[in-house]
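Enquirer: Please see the structure below; I have some questions.
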């Protein structure tokens, strides 16, 4: 159990680092070359050069993409590559425009997924959405456990679901690793709250003035990092309840720690 908890923390930290690095990674790097000879002769929304998608799954995904485009007008395309890339040739091959979403799956880097997005898409799915989507489904842990094919399919399903309902500010759903990180920040926020409330004067029960002084710290830890990511990504009450319990326990542990220390000292 401890190993799984530690592994969850490490995954959450790695995802956070990848999210930060995503700001400086340009998704158009995959389009820096031009090799049209790598593209098929027939029209298809998927070019699977890396063979990530099983035949039946690829056929089903092609049908879904074409149906989605016919119903909504959003043009979704998938390119997988490994050794060589068609690069900029896909722009003319697919006629990419402002309503296009190109997913590039390339196993050579640290993250499997990258995206090239039309300008019209950003009105519904902001840049931060794509960074989080890349970090969630393209990270090495997710790909190792679910496979490249499922990373591609689940990311496309997420995009389609958000476009159908009019857009998303964040990626829906709360992965276990991300929830663990919110739980940790909630507990730390509670510890800060509890330590600040420890009485410092004789006859004082709770040091509210110190709690208010350090309120920006525990508020950011608990509300911004502990509660915010939960309520914006899922409607489930259980993870929210657990974070509230973690915050409360953190307060109690920190606030009561001097009393336990004094009891132990008196016994010795």
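Placement of Cβ uses the backbone N, Cα and C atoms for every residue, glycine included.
Annotations in TrEMBL come from automatic prediction, not curation.
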Enquirer: To which of the residue ranges 5-25, 26-46 does TrEMBL assign the term transmembrane segment?
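Expert: In TrEMBL, residues 5-25 carry the label transmembrane segment.
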Enquirer: Reported in the order helix, strand, coil, what are the DSSP residue counts of the domain 'TPM' (46-154)?
Expert: 55 helix, 23 strand, 31 coil
